[in-house]
Structure formats: structure tokens, C-alpha cells
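*Asks:* Take this structure, written in C-alpha cells, and hold onto it; I'll ask about it next.
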Amino acid sequence: MSARNRRADRRSKNLIAINDLSRQNARVEAQFRAISTQPAPQQNRPQSPTLASPARRGGTGIRRRAPCLFFGFGHMNTAISAFDLARMQFAFTVSFHIVFPALSIGLASFIAVLEWRWLQTGKAYYKDLCLFWSKIFAVAFGMGVVSGVVMSYEFGTNWSGFSAFAGPVTGPLLMYEVMTAFFLEAGFLGIMLFGWQRVSPRAHFGATLMVAIGTLISTFWILASNSWMQTPQGFDIIDNRVVPVDWFKIIFNPSFPYRLAHMAMAAFIVTALVVAAVGAWHLLKGRRDNAVKKMFSMALWMLLVLAPIQAFVGDAHGLNTREYQPAKIAAIEGLWDTEKGGTALNLFGIPDMQAETTKYAVSIPHLGSLILTHSWDGEIRGLKSFPKEDRPDSTIVFWSFRVMAGLGIAMIGFAAAAWVLRRRGKLYDAKWFHRIAIAMGPTGFISLLAGWITTEVGRQPWVVYGVKRTVEAVSPLSAQQVGISLMAFVVIYFLVFGTGIYYMFKLMRTGPALPGHTPDGVPASSSDLPGRIARRPLSVPMQSPSTR
């Protein structure tokens, strides 16, 4: 036998062994689920397998629905199991995480625009704004990285079934994000934050631009992975594991372009609202210098442009969701019956999953068809047309969507009011509007979280839509193990990230440097001019003029 044949024989034997091991693990997990999902002795009613806890060990409490944000929100039970706790833990960590990347994505691009304007005009207040917002960006970026690493570990510890099944797709996508985006950000972040006196202004702007591009590339890969979980394609399933077949189809899956555009603009809107709120705070405190006025004005221009566009992108995203995830749309609309000749839009109501109806509904005839099909009498499938075990919880997504949409409408109205005040020359003097701007500051984050709740809860009971159920993705852990880690996460997150958020607020209250002063409060020197190129080696510390 030749060496080539021997190597081929070894590879064949290895593949056979791996397949045998995978089948053995699948049998063990199936036996474990069959044992752990048996109903309690005092319960007479059958229990849906999609609501059962695969990691439940003992306990006979009465099981009732309670909310969980991410994996299976709306399909939880008060007899807390490891499955429920794992979903609660991921919901908690992902909710903390998402706000920091959203802010850092928008701030990186905002800082790049400010620095470009400084190089163009030489006006010092643009650089003051760069230095000010770079500090806040650094804190947000650091907290986003740390919280993102925690989530990566959770996939292996609490959701090993998902990692084993979908890892051949999600693993490479996350690796691409690290190789193309995180390395780019990490390589240029130091120059962006600490290179003002060490490299030329143009080189520094290049570093800032690379960081901004890196955040957008990161968004690309993360949303490619999430969108594949929503609308999977380009794969085969062999031995209970996903095998990539067409990476182009995997990355550019049907929902990816809409989700990417929707999330990227959401990040810019979040940032615009935060910047506007900080500017309004300092205007109320009596500051009228160019730096405060400029950031307030730029944020409101950004909001005026993006908020209406976001509404159209959201509409296109909804049409795509209706095509590929019709059960999610039915749950969002609180729609139970497939109506002929036009579907009404439920403005408000209380969806009841048990009674299969939306109580106290306030509806507008035909408007649902007009919005979701762009036709007066378009047909929309109701939840009753789907098996009960495949329905997302309408109670949750019905209201989370309305929170997101309602705040989006408020943002458009807020931006329009700013435009009217600008036209009248009262933008910087209307204190009532500044108070509204401060109140609008957190609405971007609230809308962002509500949108992600709608997206992820509406996908349930699937972790990979139509392919793998969430209940099959959890690790075989005890409730005690997951509960202890959840409590530890809550304590550590509130201590660590609470401190970081407090520091961000402290920086925001300080504001950009006063005219003619550095960010430290000392008079500015000629080194602040945009044409200066540092000749000092990196290893030599900065010296004051009196010690040179």
C-alpha cells in the first residue's frame, strides 16, 4: 500500500470514528431529554416538547409561562430549570452587550467626521469634540469587547447543543469578524486615542478612519451570523451537524441586507440621540461655545436624515420577514385568523396565547394588508394556521414591536421639531426643547432593545429557524450550576459595567474643552494646530515648555 493510500485509509477511519461518536452523543442527549422532560406526577395535561426543559433534574413545581428575553422569551416556566436559567442568563448578558457596540459604531464614524472637518477647516472646536468623544468611545468600546467575550463563552458552556450543531457556520463567521474587524480596530485604536502628539494629523485621521471602518466590518459579520440563524440557507445537515455548502448564500442570506441596514442606521440614530442629549445638557447649563452648538446641530441633522430612512428600511425588512418568517409577523400583529379581503391592523390589544385571541383590540380595517403587503386586500396568515408548537409568543413581540415603532415615530417628530426651530433661529435658545432632547437621549437604546426582542423572540421556538429548536440547543447542566453563574453575572455586571457607565456619564457632564483650553483645562499651545507633525520618538515622554 502506498503512502498516499495509507493516509487516505487513516482519514477514512477517523471520519468513521467521528461519525460514530457524534451518533453516540446524539443518542445520549436524546435519552437525557426523554428522561428530563417527563411531566411532573401531579400534572395531568400533556406538555409540549418545545416548552419542556431538557436540563430539568427533579422538581415538581407547577409550570407557568414567564418571560425570557432572548432564547425562548415567552416560553419560560416558574419552576425554574437549567434551560430557563440559561435563557435568562443569555438575555441578561446580550441586553447589556448590545448597547455598547451600538454606541461605539456610531461614535467611531462621528469622530472620523469631526476629525476630517478639523483637517479641512482648522477650527479648534472640531478637535476639541474629537478628544471629548474619543474618551467616551474608548469606554464604550472596552465594555463592548469584554461583554462580547463573555457571550462567546456562553455559547460553549450553556448552549453546547447549538455550538455542536451550527458551529461549522457560526464559528468561521465569528473568526472572520476577529480577523478582519477586531484586528483592524485593535491595531489602530492606540494611535487614535494616544497618537495625537506622535503621528501627523493625516496619519492620525487615517487611524481614526480605520477604527470606524472596523466597527462597520464587525457589524457585517455579526449580522451575517445572526441573519443566517433567522433565514438559514447554503448548508446541508450531516450527522446532526450543519455542513456549509455555499458560503455566499450563507453570508448573503435573504434577511441579511435588511438586517444590516436596519442595525447600522439604528447605531447611528442611537449615537445621534446621545450626542444631542449631551449637547442639550450643556446648553441648559449655559454653555454657548461653538463646540457645544456644533455637536448639538450635527446630531439633529443626522437624526433628521436617518430617522425617516429607517422607517422605510424597517418596512422593507417587514416585507422580507413576512415572506420568510410569516409566524413572526402574525405574532407581531396579534393576528390569529387568516382574513380574506383585507386584514386590519391591531393598534393596541392584549394577545392571549391560551384563548388564541387578541383581547380589547383597537383595529383599523385594511391597514394591516396595506402596510404588510402594500395592497388594500392582501392576505396575511394568522397564528392559527401554524402548529401550536411552532408559534412565537405574541404577547411579547406584539408590545416590543410597538415600543420600537412608537419611539421611531417620536424620533421623526423630534427631528422635525428641531428643523422648525432651526429655521426660526431658536434651536440653541429653546430650553423646553433642550429638556425634551435630554429625555430623548435613552430612547435610542430602548428602541434598539425592543427591536432585538422582537427579532429574537419572534424566532422562537427555533434557535436556527425551521431547522433546530432552542430546547435542543441547551447544555446538559443542572439548574444549580446555571443559577450560580447567573447570580455571579448579575453582581459582576452591575459592579463593573455600572462603574463604566457612571464614568461615561461623568465624562459627558464635563463636556468638551472650553475655547482656548486643552481637555485638561490648561491654555492651548501651538501644538494644537493641525499642521504640526511630531518629531519626538515614541519612547520619549512629553515635556512642558519650561523643562525643554
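Just so it is clear, glycine is given a Cβ too, placed from its N, Cα and C backbone atoms.
Marked as compositional bias 'Polar residues' by TrEMBL: 34-51. Annotated region 'Disordered' per TrEMBL: 34-60, 518-548, in sequence order. What TrEMBL records for 66-86, 98-119, 131-153, 173-196, 203-224, 263-284, 296-313, 396-420, 432-453, 484-505 is transmembrane segment.
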*Asks:* Under 8 angstroms, Cβ to Cβ: which one of 131-153, 203-224, 396-420, 432-453, 484-505 has the largest number of such pairs with the transmembrane segment (296-313)?
*Replies:* 396-420
*Asks:* With pairs fewer than 6 apart in sequence excluded, do the transmembrane segment (484-505) and the transmembrane segment (263-284) have three or more C-beta pairs that lie under 8 Å?
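*Replies:* Not in contact, no.
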*Asks:* Are the transmembrane segment (484-505) and the transmembrane segment (432-453) close enough that 3 or more Cβ pairs fall under 8 Å, when only pairs 6 or more apart in sequence count?
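*Replies:* With fewer than 3 qualifying Cβ pairs, these stretches do not touch.
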*Asks:* Restricting to the same chain and to residues at least six past its boundaries, which positions have a Cβ under 8 Å from a Cβ of the transmembrane segment (484-505)?
*Replies:* 85, 88-89, 92-93, 96, 136, 139-140, 142-143, 146-147, 150, 157
*Asks:* With pairs closer than 6 in sequence left out, are the transmembrane segment (203-224) and the transmembrane segment (98-119) joined by 3 or more CB pairs under 8 Å?
*Replies:* yes
*Asks:* What residues elsewhere in the chain lie close to the transmembrane segment (203-224), defined as a C-beta under 8 angstroms and at least 6 residues from its ends?
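*Replies:* Tertiary neighbours of the transmembrane segment (203-224) are 101, 104-105, 108-109, 111-112, 115-116, 119, 130, 173-174, 176-177, 180-182, 184-185, 187-189, 191-192, 195-196, 250-253, 256, 259-260, 263-264, 267.
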